[in-house]
Amino acid sequence: MFDHPIPRVFQNRFSTQYRCFSVSMLAGPNDRSDVEKGGKIIMPPSALDQLSRLNITYPMLFKLTNKNSDRMTHCGVLEFVADEGICYLPHWMMQNLLLEEGGLVQVESVNLQVATYSKFQPQSPDFLDITNPKAVLENALRNFACLTTGDVIAINYNEKIYELRVMETKPDKAVSIIECDMNVDFDAPLGYKEPERSAQHEEATDVEADHSGYVSDIGFRAFSGSGNRLDGKKKGVEPSPSPIKPGDIRRGIPNYDFKIGRITFIRNSRPLVKKVEEDESGSRFIAFSGEGQSLRKKGRKP
């Protein structure tokens, strides 16, 4: 009857409303605290049935919108085990959307570009106590499917929750972080103050002082203690080391004319030792110049 098929505008789009609750309200014998550590939600089985009939791209990514407050974020899906008409969200995601328990949230399927860059700002200076924050964040982001600029995500490390605000994402404001090579950068934590450094300015004097009288104080002297014998005798044991004259220990004289960028080579800094002039004949070595000795008591021949 019809020559052309009727076009369906929403053929590849999933869009519906659910009443959202936090994960703590999820009934079941198993502890689902793992949902709080990531950015994925739990949806009802009917959503899986509708998604399987649509020609959507994988992985499944969704846009969550609170129409009452005009707040939105993006997430992935973890399981389809929720009751019909209900979805379960992590607590930090409900805070970003300004949702209360039982509030209405719009869930729509979306396609996001793969992330190449992201920048985070810790919400507390305590995040600086982590030894390797990039490795901790990389491990925590494995439980996330996407990031949205402006969101405050929560990660758990060493039984402590750290909140980080997503300051920037590239190439778009909402990106997918599944199987991606993403560069991560950190901004200064909220409330962080740089330590004050006291500037020490030394005033240089033009008048040259006489440094010949500089003598360092007598401090540590190695092996200056008294010895003890195994037999208990005091023989050969000095009660105290010989005193050191202050004139024997002198401190190096600093170069007060030093200027940055100039290197000064000091030659003949040590006084030369005067050599005693000796007679060349007395100092010259002559082989076999000694006199021989004989066992017989005879006069020597001249």
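Placed from the backbone N, Cα and C atoms, the Cβ positions cover glycine too.
Computed from a predicted structure; not experimentally measured.
Residue counts of the domain 'Ubiquitin fusion degradation protein UFD1 N-terminal subdomain 1' (14-112) by helix, strand and coil are 23 helix, 38 strand, 38 coil (DSSP-based). Under the heading domain 'Ubiquitin fusion degradation protein UFD1 N-terminal subdomain 1', TrEMBL lists 14-112.
Confidence across the domain 'Ubiquitin fusion degradation protein UFD1 N-terminal subdomain 2' (115-189), taken as the mean pLDDT and rounded to a whole number, stands at 90. For 115-189, the entry in TrEMBL reads domain 'Ubiquitin fusion degradation protein UFD1 N-terminal subdomain 2'.
Summarising the annotation, TrEMBL assigns region 'Disordered' to 226-251 (among others).
Per TrEMBL, the feature region 'Disordered' maps to 277-302 (among others).
Broken down by DSSP into helix, strand and coil, the domain 'Ubiquitin fusion degradation protein UFD1 N-terminal subdomain 2' (115-189) contains 16 helix, 33 strand, 26 coil.
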